[in-house]
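Trainee: Pasting a structure here, questions to come.
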Amino acid sequence: MARIGLVAHDDKKADMAEWAAANAAVLSRHTLYATGTTGGRVREETGLEVALLKSGPLGGDQQLGAMIAEGKLDALVFFIDPLTALPHDVDVKALTRLATLYDTLFACNRSTADAVLKAL
Ligand SMILES: O=C(CO)COP(=O)(O)O
């Protein structure tokens, strides 16, 4: 059983919910953490159990980063919106930096997320 972080920017939340629904059986075998709005949506649309952190712009990305630094997260699925400027861009960068630094399994698009699920 792995500990997986789920995050999606607003324009990617539908993709995340759809991906989670398509993989609900596999995801239900893992422990899921998510930034607030993403997690709420995944919960609502899939019925999966998801531990909710703060919303991304309010510190949720940083909470996931701290989990990575403390060895408490095995994989991160982060559907980043590459076309929109975000007020909390520094938090997004910090999270992707820590996922890279700690060699965390890290997917930022759907095809890689599928591959990560197969690897767990
Ligand atoms: O902004 C986010 C990640 O940078 C996601 O946060 P929410 O899931 O709360 O929208």
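Glycine is treated like the rest: Cβ placed from N, Cα and C.
Feature list, courtesy of TrEMBL:
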- Asp61: active site, proton donor/acceptor (ACT_SITE)
- His9, Lys13, Thr35, Gly36, Thr37, Thr38, Ser55, Gly56, His88: substrate binding site (BINDING)
- 1-120: domain 'MGS-like' (DOMAIN)
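Please situate the listed features within the shown structure.
Mentor: Neighbour density for Asp61 (active site, proton donor/acceptor): within 10 A of its CB lie 27 other CB atoms from the protein chains shown.
Annotation note: His88 (substrate binding site) sits in a coil segment as assigned by DSSP.
Looking at the domain 'MGS-like' (1-120) alone, the prediction's average pLDDT is 97.
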Trainee: Near the substrate site, what residues other than His9, Lys13, Thr35, Gly36, Thr37, Thr38, Ser55, Gly56, His88 in the same chain have a C-beta no further than 8 Å from the centroid of the listed C-beta atoms?
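Mentor: Checked against the 8 Å cutoff, the neighbours are Val7, Ala8, Asp10, Pro57, Gly60, Asp61.
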Trainee: Cα of Thr35 (substrate binding site) to Cα of Asp61 (active site, proton donor/acceptor): how many Å, rounded?
Mentor: 7
Trainee: Have a look around His9 (substrate binding site) and count the other CB atoms within 10 A of its CB, chains all included.
Mentor: 21
Trainee: When DSSP states are grouped into helix, strand and coil, how many residues of the domain 'MGS-like' (1-120) land in each?
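Mentor: The counts are 64 helix, 21 strand, 35 coil.
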Trainee: Give me the long-range Cβ neighbours of His88 (substrate binding site): same chain, 6+ apart, Cβ under 8 Å, in sequence order.
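Mentor: Those within reach of His88 (substrate binding site), by Cβ under 8 Å and sequence separation of 6 or more, are Gly56, Pro57, Asp61.
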